[in-house]
Amino acid sequence: MANISSPFGQNEWLVEEMYRKFRDDPSSVDPSWHEFLVDYNPESTAEPVLTDPTSTDKQPSATPQAKPAAAADPVASRAKPATTPTVANGTAAGSAAAPAKTTTTPPIEGDELQVLRGAAAVVVKNMSASLDVPTATSVRAVPAKLMIDNRTVINNQLKRNRGGKISFTHLLGYALVQAVKKFPNINRHYAEIDGKPIAVTPAHTNLGLAIDLQGKDGKRSLVVAGIKRCEELRFAQFVTAYEDIVRRARDGKLTAEDFAGVTISLTNPGTIGTVHSVPRLMTGQGAIIGVGAMEYPAEFQGASAERIAELGIGKLITLTSTYDHRIIQGAESGDFLRTIHEMVLSDSFWDEIFRELSIPYLPVRWRTDNPDSIVDKNARVMELIAAYRNRGHLMADIDPLRLDNTRFRSHPDLDLLTHGLTLWDLDRVFKVNGFGGWKYKKLRDVLGLLRDAYCRHIGVEYTHILDPEQQEWLQQRVETKNVKPTVAEQKYILSKLNAAEAFETFLHTKYVGQKRFSLEGAESVIPMMDAAIDQCAKHGLDEVVIGMPHRGRLNVLANIVGKPYSQIFTEFEGNLNPTLAHSSGDVKYHLGATGLYLQMFGDNDIQVSLTANPSHLEAVDPVLEGLVRAKQDLLNKDTNGNQDEAFSVVPMMLHGDAAFAGQGVVAETLNLANLPGYRVGGTIHIIVNNQIGFTTAPEYSRSSEYCTDVAKMIGAPIFHVNGDDPEACVWVAKLAVDFRQRFKKDVVIDMLCYRRRGHNEGDDPSMTNPYMYDVVDTKRGARKSYTEALIGRGDISLKEAEDALRDYQGQLERVFNEVRDLEKHGVQPSESVESDQMIPAGLSTAVDKALLARIGDAFLAVPEGFTVHPRVQPVLEKRREMAYEGKIDWAFAELLALGSLVAEGKLVRLSGQDTKRGTFSQRHSVIIDRHTGEEFTPLQLLANNPDGSPTGGKFLVYNSPLSEYAAVGFEYGYTVGNPDAVVLWEAQFGDFVNGAQSIIDEFINSGEAKWGQLSTVVLLLPHGHEGQGPDHTSGRIERFLQLWAEGSMTFAVPSTPSNYFHLLRRHALDGIKRPLIVFTPKSMLRNKAAVSDIKDFTEIKFRSVLEEPTYEDSIDDRSKVTRVLLTCGKLYYELAARKIKDNRDDVAIVRIEQLAPLPRRRLGETLDRYENAKEFFWVQEEPANQGAWPRFGLELPELLPRLTGIKRISRRAMSAPSSGSSKVHAVEQQEILDTAFG
């Protein structure tokens, strides 16, 4: 028989069984055993040689030195004595193996005799041999409650994510290995070399696991396989090695190496209920650790669960250490068990394990029970519930990268200990006042629901909301068991992920190096957006309008809006759509589109559109809001005051994390959310949180905890969600839409994800963010991880997943081939926009006197009982007088223009800071009751004809928030959504319009050229030098003229009320869809010379060039004129007054009322009337480097040869628009007049 001191110990039976199989049929044994078995002899008496640890001759100890021999009858065989033994493990040196003995009790007739073979025979031998090892056993009872609770936390987290389970043996085995590091003697074993006793300390800890196997015949057997070099393994690696050994044991794939070299063993008889066991110690080992069953102390096993919880009784687990007393002493063994005991109760042990398993939560802590009364603890449980509602998001597992894996997601307010609660309270019942639908509940269940609601893959912030109803609604939706999507819904989510990833992969493969700002790393936003749109369709809404930055835009165009792939790929191929040849165009990731969304699991459909945007991040935000408001106003569904119908167009806004926190226009736009003139019934905000802004990490780009904190200013609920969990993303999207529909408020979704590539496809992010991209480069994408989860749950098969992706890639490939075959259009230089748009022939902007009278009457038609402010009443009376008698001033001329348009069926929208009254108290478009504060809007009376029938027109006037960027963007967007509306925005002073410069540059001036996007927005910019300082002087004419080209806008500086009247009406009626910039007056508002007669409103039209009235009426003689002063705006009146004062009939003053497009023909005709003029001057108030001169000085001589040599009269060139001193201003102004007439 085989030597009982074999290195395989109690596994020897398995080795012998394999040998017999190998002998009969080598192919029946795993090839990894062949080398070992080819010269193995189960009857060899030679024992393995244990090399002196100090020897340099390394001999394998795992392979016995044996000679081939015939197998003997196992019943009659005897173990042969060793001839020259060199090692004796567990016996005296030089002793021979004892002969086999027979029982001293003879069998009784009828007894069944069975020869013990294989494992049973080896057990007999091993147990007999173990009697020669002088052992002792230490026993220690260890509290198991902390292990139970923390294991529950771990396994619940694993179940929600990648699957798998951690056993108590995993935990205790790892603790054993860590304890061995502190007590290396426990890992030693006894040997004799050359007759000398030796304590062998192995170089590594090789932990033997006793694995119970069941054979095909149903018989059970035990093998002990070793996890090698355990001391080098971290917990996750230890678990992997453990599971690998067990799996291969059960699959019959263990090798000889797995059995050899075990230094310490772990056995777990507790799995069959044994509480306390003293296992036998095999030769070659110094100790074996036994783990008993987890049980309550015997005296409490009859107690109820409630009583046990009340008393704070926990289960115990008994650990035994059976050790070789020759080399290990009892104190060492006892201290070893004590160390394991302390370790499994320590904070550091569990912190390490949780970090290793990427459990983002703090482990349960071992603490003594708090004896406070149950009444006091009821209050503390309610405090805990409130804390989770308020701070639970800080504990949520929302970061797919987990870059700082040493930091737990926690907060002191969420710690049981902070509230005077411990793990002993988890099974106690407390009063919870209806939380979760319960009146009373165990703290364990309460804590579980709180964590499921607020701390998993979704973190919710809502306690900053002031409305209790909204808070309660969110609690009811969040604090409930989440319903798992159906298999069909899961497959649909997977199909959207497949579509998103396949699209990016295809483009990356086919168009290497092209910038496309891919969505890779954030693919879950596609099923998220799809779910939100689907939910909008479910609510029966009309349209979802999307505004977003460039990252992921192509993917959204393809997979959300439904833009044809062939069109997208054609743009990549460099083909030019001939229908776009009139525009300069823009890069492919800025373009917009429109599509129709059909519900997958419903019968509704909904319009989906994506607005065009520039690269200026967040600039599209207010534009989107204005566009949506215009669409809502056009639908006009709030006629019955039903808000559910009024806001049937939904804005969906995508952001980047760095931009949302960093761009001020975000806060400006959020501030519009609940204002009457700007409200759209709630915006769905989705932040694609890449956790980086180009190369800047969050800690360098914001001061707040989250990038979303700015949204708290409007009481919007905020949902943080892990982008690696598409099901959570879909759930949050639906919840967000439901909240928006219920409360008509903004909702913010913060989807934490990552950016697979650099800022663009040519960027290497590892240069500046190496650690992040070390993580990103090895991270599996959302599609793969979700596919694995579905397959692991058995929802779909691997083949189904692969087939779905292959099919989608095949579709893209086919489209690509189609694009290759398309007829290519040669890319030609842009013909640009049509600069010379002709005003329709016969267009009349004059109105009937009766309409002027109606408008004048409206200002005195105040409701009965309405009290007009005593300072306003004269203004209203004067307006009625002007409507009948003339001498109409600027403010009333404007109201006449707007009122007449309302009467003609136009929607007129006027907004700006203080616009209802007017910055200079000139407008009074809305009258406020002196006593009640009620409003009366006279021009709204024009919405009905004299017979009471509606005209279809509407007058809307709003005081805007103190904003330029968002306010101008909103009004621009409104004109995109309703091109027929007359939309005017007025700056408080023209100087402040530069706060909206991005909107002017990117949308107003170039939107048509880039995207074919038309706008009729009107900007009213108070402008003029009046000694009020550099910030209350200039609307920056020079900047607008520098931007102007190709007829992109119309700029005008009207100098008479009637010309302003006709300018506004022409803009509204001529059909030309271009923005209008009007530089309006300030001091001229009350200039008695700046008035117009009624016939100027009823008989003429807008005149782009004006002569002095004395020449137009043939009072003065043009032939006397030798000097012509060209000017614009209110300076005309100062020049005219000086001319009269100096009696200069040799000087003529010509006003250019429209600066761009320059009225070249009309100006030329006007100048030709002054045949004797020799000198031409451009006279302006602005400094030489500002105003119209920088452009006119170059342009006028080119367009009109007669103006060659034209000279400038102005202030000197200045860095600021004007002097800060009114006295200096007066001197400069006088100098201009003196020079003009010098």
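Cβ coordinates come from backbone N, Cα and C, glycine included.
Values in this document were obtained by computation on a predicted structure and should not be read as measured data.
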According to Swiss-Prot, which candidate in Asp657, Asp725, Asp738 joins Asn690, Ile692 at the Mg(2+) site: Asp657
Listed in Swiss-Prot for the acetyl-CoA site shared with Arg1066, Lys1101, Ser1104, Gln1154, Arg1161, Arg1162, one of Thr1050, Thr1080, Thr1122: Thr1050
Range among 609-639, 795-825, 1198-1228 that Swiss-Prot annotates as coiled coil: 795-825
Residue among Arg551, Arg553, Arg742, Arg780 sharing the thiamine diphosphate site, where Swiss-Prot lists Ser615, Leu617, Asp657, Ala658, Ala659, Asn690 as binders: Arg551
Other C-beta atoms that fall within 10 angstroms of the C-beta of Ile692 (Mg(2+) binding site): 24
Residue among binding-site residues Ser615, Asp657, Ala658, Asn690 with Cα closest to the Cα of Gln1154 (acetyl-CoA binding site): Ser615
Chain-internal residues near Thr1050 (acetyl-CoA binding site), provided their CB is under 8 angstroms and they sit 6+ positions away: His1067, Arg1074, Pro1075, Leu1076, Ile1077, Gln1154, Ala1156, Pro1157
Alpha-carbon spacing, Ala659 (thiamine diphosphate binding site) to Ile692 (Mg(2+) binding site), which is rounded to whole Å: 10
Set of same-chain residues at least 6 away whose C-beta sits under 8 angstroms from Ala658 (thiamine diphosphate binding site): Ile692, Gly693, Phe694, Thr696, Pro698, Ser701, Arg702, Cys707
Asp657 (thiamine diphosphate binding site): tally of other CB atoms within 10 A of its CB: 24
Candidates Ser615, Gln1154: member of the binding-site residues with the richest Cβ shell (10 Å): Gln1154
Residues flanking the Mg(2+) site, with Cβ no more than 8 Å from the Cβ centroid of Asp657, Asn690, Ile692 and excluding those residues themselves: Gly656, Ala658, Val688, Asn689, Gln691, Gly693, Pro698, Tyr754, Arg755
Across the region 'Succinyltransferase E2' (98-346), average pLDDT on the 0 to 100 scale: 86
Length of the line joining the Cα atoms of Arg1162 (acetyl-CoA binding site) and Arg551 (thiamine diphosphate binding site), in Å: 49
